[in-house]
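Asks: Have a look at the structure that comes next, please.
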Amino acid sequence: MLKFRIIRGGLRLLGIRRASTVPAASPHARRLEYKPIKKVMVANRGEIAIRVFRACTELGIRTVAIYSEQDTGQMHRQKADEAYLIGRGLAPVQAYLHIPDIIKVAKENNVDAVHPGYGFLSERADFAQACQDAGVRFIGPSPEVVRKMGDKVEARAIAISAGVPVVPGTDAPITSLHEAHEFSNTYGFPIIFKAAYGGGGRGMRVVHSYEELEENYNRAYSEALAAFGNGALFVEKFIEKPRHIEVQILGDQYGNILHLYERDCSIQRRHQKVVEIAPAAHLDPQLRARLTSDSVKLAKQVGYENAGTVEFLVDKHGKHYFIEVNSRLQVEHTVTEEITDVDLVHAQIHVAEGRSLPDLGLRQENIRINGCAIQCRVTTEDPARSFQPDTGRIEVFRSGEGMGIRLDNASAFQGAVISPHYDSLLVKVIAHGKDHPTAATKMSRALAEFRVRGVKTNIPFLQNVLNNQQFLAGTVDTQFIDENPELFQLRPAQNRAQKLLHYLGHVMVNGPTTPIPVKASPSPTDPIVPAVPIGPPPAGFRDILLREGPEGFARAVRNHQGLLLMDTTFRDAHQSLLATRVRTHDLKKIAPYVAHNFSKLFSIENWGGATFDVAMRFLYECPWRRLQELRELIPNIPFQMLLRGANAVGYTNYPDNVVFKFCEVAKENGMDVFRVFDSLNYMPNLLLGMEAAGNAGGVVEAAISYTGDVADPSRTKYSLQYYMGLAEELVRAGTHILCIKDMAGLLKPTACTMLVRSLRDRFPDLPLHIHTHDTSGAGVAAMLACAQAGADVVDVAADSMSGMTSQPSMGALVACTRGTPMDTGVLLESVFDYSEYWEGARGLYAAFDCTATMKSGNSDVYENEIPGGQYTNLHFQAHSMGLGSKFKEVKKAYVEANQMLGDLIKVTPSSKIVGDLAQFMVQNGLSRAEAEAQAEELSFPRSVVEFLQGYIGIPHGGFPEPLRSKVLKDLPRVEGRPGASLPPLDLQLLEKELIERHGEEVTPEDVLSAAIYPDVFAHFKDFTATFGPLDSLNTRLFLQGPKIAEEFEEMHFHPKALKDVKGQIGAPMPGKVIDIKVAAGAKVAKGQPLCVLSAMKMETVVTSPMEGTVRKVHVTTDMTLEGDDLILEIE
């Protein structure tokens, strides 16, 4: 044996020449050299370690794993028969580069052979030599060959001597930036730096100009040093738009060399392969022959043993240039295995045992190409953020499988932790088919089946590649990704299920996301949904509207025999009783029943008003989506919304074009009747809202807000004449329907008769609609009086959602008019079933139910005139502030505040102004007289000040003096309609800004939501981006989560860079800070490097997006950051 080794060492070239004429060594030599391997250690981690372990298991060989401290829980450790810790106390990568530890483990555990895998020490000659010196076989080429092939300059020289064409480059590793300058002066740009002692894209940088030279040289050196333990670089001319073709070779100890054809690795990003294909598509047979012949020639030149890859660039003229030899197994060896049916790892092990290739049945004439194979490297990188590595725990993992699909992975399982310490490769997906299109189809199908949650992956990008026509045609080159920007038009993953789990966990740990007024749990019983007949619902008034338009609709309402009802259960009733918290989920359940059983309703009030912002603010629902879904479920009954005149559905003034556009889009989404009002009955605001609704094609229902008592001669400010005068103006303005909006429920039967009869006599052909609240308990009587006086429509709510601060009982009105000329035509039995559903649904919202603090209505509303919804809110607020026992004082203060402000009509937002002032007075212990006397010194609520400035319009009778002058002093005052002076809002610009912030999924409806409630909408979008849509959750789960135990933790507390704050620079990816290039106070130019981050052995330079001065640096060297963590601030 010793003699043979000496001969082998001294006569290697002779052996190679002999092997060229002798197909195989003699049987005697094989027996002498053959030594079975019984135990293999893989000096690597991850999927390649598992790949080798599986091959060893198939061959009956025992396996040994090594792992770093950071890899304690990694799967490759579990897959081996034995596993040992190495590199204790070392950095994660350094542990796998620590040769003494690895050799020690091998010797102490009787390891016969070491397989290096790829990366790490796989191309380190000193490691191969250390194995040999320790008496452990190295499954790979000899140390001398590893050294020669690992030194890319020497490899070039060998290629030249073998007659293989090479790219112009340096003859030796460069040692200074000056040498790089000299080379670029000689050959021009572009040039490329390459690590002299490793590959895989690490330490590789393309330079296009002198300005880029220094930074790229430093980065390439640093990456090479970190990845391979040696920062030596060589530089060569960069061939533009070549194909990257590599040839798989295999050699034995007897000089036999063969090739297993080529792979096309042209699809690269940052010189790292993303997709590999075997064989290369549309490769000229003569070029294939030259590539394979040169590869074998080069391998024989050095006496190559075991597996390796010879890599070439092929230019657009079909010329090929040798670039390097990878003296190891490649990541993409899988595609070669698939098309040749040769197990390369088996072959590696057998060759290391001393067997010859012919012994293994491997002869060149027997190697055939069978079909096509494609490999996609699925990585934990975010293609939407320049492929920045992502880290975290995999929460969901489902792979794509099936015929023709192979998966090689290690960390791809639920619960796996993806750390920033190592390569981002998650799983290799290999598809095999009869040809390129078939393999691509299989790969597309497999990728579509993947579900990975918890970390970002490049799967959406890979799917775009697989669907690209250039890829499918097989005409790609190394610039394919750069020249196809559409590959980055990624369809965002919905990830709904996992986001819901996040939400449920959040609720269980932190409590409900919507503020809870009282501690009460949702009812454990679900509401009973009554049966709905099969088929479409019967025709209703909406059919008339669609057929005859707003005018015909109004005529049909006026000509209708009997009393018509508007159901407020879907909006105002739950606003008054349940703090507007009823979710679309519960409205949709009962909607089909309503469509089938209440087709004779005048309308359903289900949108606008407070429900619009509350939907986003507290329920995390899109109000537009609510309208769309209810419209689909109730196609036959008109929908009615509350439009606050020039305020639309907001609490302030908006540019006119916003109000007009809002009405237009609301009509398009299914709204029918626009009940337009103004909280002060300020005619300019009312007329704007009417015009906007009319232009949109909606039914205009102008509403007069009611206060006072027209039957009381002593109440002269809001007299019958006042209301009749308003009605005249509104009718002249073209309203289709006239509404009396009695927000506080102040209409007594006598006043109802006076007001409605006067209106009916004056406008005999105009439909009259009366809206009220039942706070006093007289609502049913008042509505019956209105009906008898000539009203066409009155408001009601489902029995279990009526009374108190809501609307009068639907059942009571139906029963009281039954069999009379005012008969509603509604079946009482249907009302009972409807009420039963809402009784159950109301129990789900126990935490918001006004009955938690208010047990009945109260006739003192005739004195304090507090609107229904506000009455409930004030009651809640008083109790939450510890003033429950003083609610009587709050109501008294409300009366005084109203008088201070000049006796206002109290509807949102004017009612809120009065309420704010009342609470201010109670909290500060002020009477009306004291507040008026100290008006110049007091800091009144903002809403009060803005009212006095004129921001919501001019009240009937003018502003109160001298209070107004005392409060405002020198503050500006608005003259005329507040919105008239506002410039139009650029909705297109707003849409562009929203897309930049929230992505492409921005609708015209979103633009209007953002225009009216910018902050609320932004929070809503951020919330749903985190937790997804919650409409699939029942209300019990939405409010309190499931009754299970679960543990959550949050350990990262570094501040985040705010996207909206110019000058805050955030981390573009998770990683470690390895270099900080500026300090506080430094002047920086746009594009200047600020710091360098490292993650998964990739370094990223963070540059300044602006010119300025560094105000503060928030990071230190070696600090670990997450994505968007604040790095520094520039001013």
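For all residues, glycine too, the Cβ spot is worked out from N, Cα and C.
TrEMBL annotations: computationally assigned, not manually curated.
So TrEMBL has the following annotated:
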- 36-486: domain 'Biotin carboxylation' (DOMAIN)
- LYS152, GLU236, HIS271: ATP binding site (BINDING)
- 156-353: domain 'ATP-grasp' (DOMAIN)
- 563-832: domain 'Pyruvate carboxyltransferase' (DOMAIN)
- ASP572, LYS741, HIS771, HIS773: Mn(2+) binding site (BINDING)
- LYS741: N6-carboxylysine (MOD_RES)
- 1062-1131: domain 'Lipoyl-binding' (DOMAIN)
- LYS1097: N6-biotinyllysine (MOD_RES)
Asks: LYS152 (ATP binding site) to HIS773 (Mn(2+) binding site): how many Å between their Cα atoms?
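Replies: Just about 87 Å between their Cα atoms.
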Asks: Max CA to CA distance in Å over the ATP-binding set LYS152, GLU236, HIS271?
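Replies: That value is 16 Å for the farthest Cα pair.
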Asks: Give me the mean pLDDT over the domain 'Biotin carboxylation' (36-486), rounded to a whole number.
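Replies: That stretch averages a pLDDT of 93.
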Asks: Go through HIS271, LYS741, HIS773, the listed binding-site residues, and name the one with the sparsest Cβ surroundings, counting other Cβ atoms within 10 Å.
Replies: HIS271
Asks: List the Cα distance (Å, whole number) between HIS773 (Mn(2+) binding site) and GLU236 (ATP binding site).
Replies: 84
Asks: If we count other C-beta atoms within 10 Å, could you say which of the binding-site residues GLU236, ASP572 has the fewest?
Replies: GLU236
Asks: Cβ within 8 angstroms of the Cβ centroid of ASP572, LYS741, HIS771, HIS773: which residues besides those meet this for the Mn(2+) site?
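Replies: What remains near the Cβ centre is THR568, ASP742, MET743, THR772, ASP795, GLN807, GLY868.
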Asks: Around HIS771 (Mn(2+) binding site), which residues of its chain at least 6 apart sit with Cβ under 8 Å of its Cβ?
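Replies: HIS771 (Mn(2+) binding site) has long-range Cβ partners MET566, ARG675, ALA703, CYS739, ILE740, LYS741, ASP742, MET743, ASP795, GLN807.
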Asks: Specify all same-chain residues, apart from the site residues LYS152, GLU236, HIS271, whose Cβ lies within 8 angstroms of the center of the Cβ atoms of the ATP site, ordered by sequence.
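Replies: Residues close to the ATP site, other than LYS152, GLU236, HIS271: GLY169, ILE192, PHE193, LYS194, ALA195, MET204, PHE234, ILE323, GLU324.
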Asks: What count of other C-beta atoms do you get within 10 angstroms of the C-beta of LYS152 (ATP binding site), across all chains shown?
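Replies: The answer is 26.
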Asks: Work out how many Å separate GLU236 (ATP binding site) and ASP572 (Mn(2+) binding site) at their Cα atoms, rounded off.
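Replies: A Cα-Cα distance of 75 Å.
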Asks: Tally of helix, strand and coil residues over the domain 'Lipoyl-binding' (1062-1131) according to DSSP?
Replies: 0 helix, 38 strand, 32 coil
